[in-house]
Amino acid sequence: MNLHALCLLLLLLGSSTKAGEIIGGTECIPHSRPYMAYLEIVTSDNYLSACSGFLIRRNFVLTAAHCAGRSITVLLGAHNKTYKEDTWQKLEVEKQFIHPNYDKRLVLHDIMLLKLKEKAKLTLGVGTLPLSANFNFIPPGRMCRAVGWGRTNVNEPASDTLQEVKMRLQEPQSCKHFTSFQHKSQLCVGNPKKMQNVYKGDSGGPLLCAGIAQGIASYVHPNAKPPAVFTRISHYRPWINKILREN
């Protein structure tokens, strides 16, 4: 198995592993990230899996292509995904739009839009997240935040609450050990000297820079050491806009 496939498996949350927190991060203030979506996935092999995602329109969620499955249920308005609140909205996915150039082996073009069967109701607990503008090429050096329901560490016990962590955009050379990394369509994120990273279960979650979604969590090294690779949203705005316009 190549390095990229192994890394992808470690970001995707399988049925045999409990979800936990982002590594080196902190628990979000409840409902301070109202656009966050927890994805309950039935895979093509009928296993249960999970990813993160985020609401960009009342009827569309953006996530990673490797989070695709036989069926997906989206949970909105959650902080602790095991503790039901009045803010919760559970919506079924009507259609999964995987990027036509998605390469599972190389983990390229790892982006997917989910059209919901019903429109979400916008409330204090459920809202949408703005996306990076077309071809807004955010440079290395910016400090951003990753958000998701991933694990705290490779062997840490699980937590079910939404987490966030500060991560700095790196120069592309920092991701040269990922042989298929493409700077034009991906972001290299996280200081290699700090153990702050996304991990298993964070796939599909956003990278937020000044309140704008700039990236989508894709993969990381199996030992969870930074940097991580995120899909660069600005590169895909024409495709995103086309799907939203036609559906």
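Don't overthink the numbers, they just go from 1 along the chain as shown.
Just so you know, glycine gets a Cβ as well, placed from its N, Cα and C.
Among the candidates C144, C188, the disulfide partner that Swiss-Prot records for C175 is C188.
Disulfide annotation in Swiss-Prot: C209 is bonded to C144, selected among C67, C144. C67 (disulfide bond) carries a helical DSSP state (H, G or I). Taking only the Cα positions, the spacing between H66 (active site, charge relay system) and C175 (disulfide bond) is 20 angstrom. In terms of C-alpha distance, the listed recorded positions C144, C188, S203 place S203 closest to C67 (disulfide bond).
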